[in-house]
Amino acid sequence: MRSFAPWLVSLLGASAVVAAADTESDVISLDQDTFESFMNEHGLVLAEFFAPWCGHCKALAPKYEEAATELKAKNIPLVKVDCTAEEDLCRSQGVEGYPTLKIFRGVDSSKPYQGARQTESIVSYMIKQSLPAVSSVNEENLEEIKTMDKIVVIGYIPSDDQETYQAFEKYAESQRDNYLFAATDDAAIAKSEGVEQPSIVLYKDFDEKKAVYDGEIEQEAIHSWVKSASTPLVGEIGPETYSGYIGAGVPLAYIFAETKEEREKYTEDFKPIAQKHKGAINIATIDAKMFGAHAGNLNLDSQKFPAFAIQDPAKNAKYPYDQAKELNADEVEKFIQDVLDGKVEPSIKSEPVPESQEGPVTVVVAHSYKDLVIDNDKDVLLEFYAPWCGHCKALAPKYDELAALYADHPDLAAKVTIAKIDATANDVPDPITGFPTLRLYPAGAKDSPIEYSGSRTVEDLANFVKENGKHNVDALNVASEETQEGGDVTEAAPSATEAETPAATDDEKAEHDEL
């Protein structure tokens, strides 16, 4: 399972550390003997903790190497540690998955790397880490700073306006991982940029190249503006940008197209629409050859392109555009407006509702979710699973056994439901980040489900339902009493949990398969 998780001395000549460097590689290999001294001699280091067999590590390797080469010129070293050879070192650094990327400012000061795992993102992120939260601007470095990153925010603030500067500096501190910030109190520089003091200007390498803030100097207002101004009118969805779009707080419109030429044409066609609805929805193209499978997640035919769909992450809602229609910008704009106005019902992917329930575990589909999980006065434990998930398959017999504890007793079944839903074949209201995910929806508090993270034994799951459900049903006690009543006095049979449920092993604990 993956987990995610200046002032530098030159790498050449200045370091007394002997670090094993791979041939013709700018990524430096460290071990137990070299790690501490290297970190203490370098003011800023990005470290990758990896395993040679790890697929994600192999995918990252060439990008990490390219970033190391580019950052070497800026005296920002990138290092790596093989955790299969350095188990103690990796354990001491809290490594729980591969690859783990950490930023070090000395051996005792580290934090997780939070950027994308792409060359450009690694370089941009680490450059921002090497600079102060707010860099100083003068006539000589203005143009260099304006183009130092894809997004640069500069405050033109007079020296006597400390209130505005302090608000700007505070915001910069909170967002230094995401944007590059600078400031100047020179009125002449502000004038040369066509702005009056105080002003905040966002420079970018796309669209209109710069935007000037005209709102209140307040953290939330500034942040909302920066997020909006830094988003292209029509961008491109990929590994580097996806999380930003999903976390933007507004719906996202996807334009699936197979060729670069098509995507460029749609970009131009949709720019006026994006400008009209800026701040209400983001619009972006996506390479259908590389990421066409994602169309299926939006309830589109993933074999038919071009295609268009809107996703509202806040509502977990999807609005696919009719693929039988031509993808005409003017017609699609009407669809966008109708979605924003609430005139379009979201598309819900669902398996057929079972005609009858077979077995102790209740099968839930999207169209029965509300009735079986939400609109009732029962404590409902729901497993979100995927058919291909190994951990889900391992859980299945124990989950059946758990469900039988309740289903075999009408008085318990009236208060507790043990259920499952195939989250790959049915749309579910809340995001699922791994399989299996187990959530308890207590009676009277369905809007506050409780996610289970303990060992997946029958006993522990039953106790979880008892302790967190409204009805506090103790199914284990009922089962134990029945066993004792039906067994021989001198040689009582062990309970179901004693006979069939071994102590949890490491593999039985709350592992998840990646989505």
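Positions of Cβ are set from backbone N, Cα and C atoms, glycine also.
Residues annotated as active site, nucleophile in Swiss-Prot, with similarity to another entry given as evidence: Cys54, Cys57, Cys389, Cys392. The disulfide bond annotation in Swiss-Prot covers Cys54-Cys57, Cys389-Cys392, and the record cites sequence analysis as its basis. Summarising the annotation, Swiss-Prot assigns domain 'Thioredoxin 2' to 339-470. Under the heading signal peptide, Swiss-Prot lists 1-20, citing sequence analysis as support.
Taking only the Cα positions, the spacing between Cys392 (active site, nucleophile) and Cys57 (active site, nucleophile) is 25 angstrom. Mean pLDDT for the domain 'Thioredoxin 2' (339-470) in the predicted structure: 95. The Cβ of Cys57 (active site, nucleophile) lies under 8 Å from the Cβ of Glu48, Phe50, Ala51, Tyr98, Pro99, each of which sits 6+ residues away along the same chain. Counting every protein chain shown, 17 other Cβ atoms lie within 10 Å of the Cβ of Cys54 (active site, nucleophile).
Of all Cβ atoms in the shown protein chains, 22 besides its own fall within 10 Å of the Cβ of Cys392 (active site, nucleophile). Here the domain 'Thioredoxin 2' (339-470) has, by DSSP, the following mix of helix, strand and coil residues: 44 helix, 25 strand, 63 coil. It is 19 Å from the Cα atom of Cys54 (active site, nucleophile) to that of Cys389 (active site, nucleophile).
Following the DSSP three-state reduction, the secondary structure of Cys57 (active site, nucleophile) is helix.
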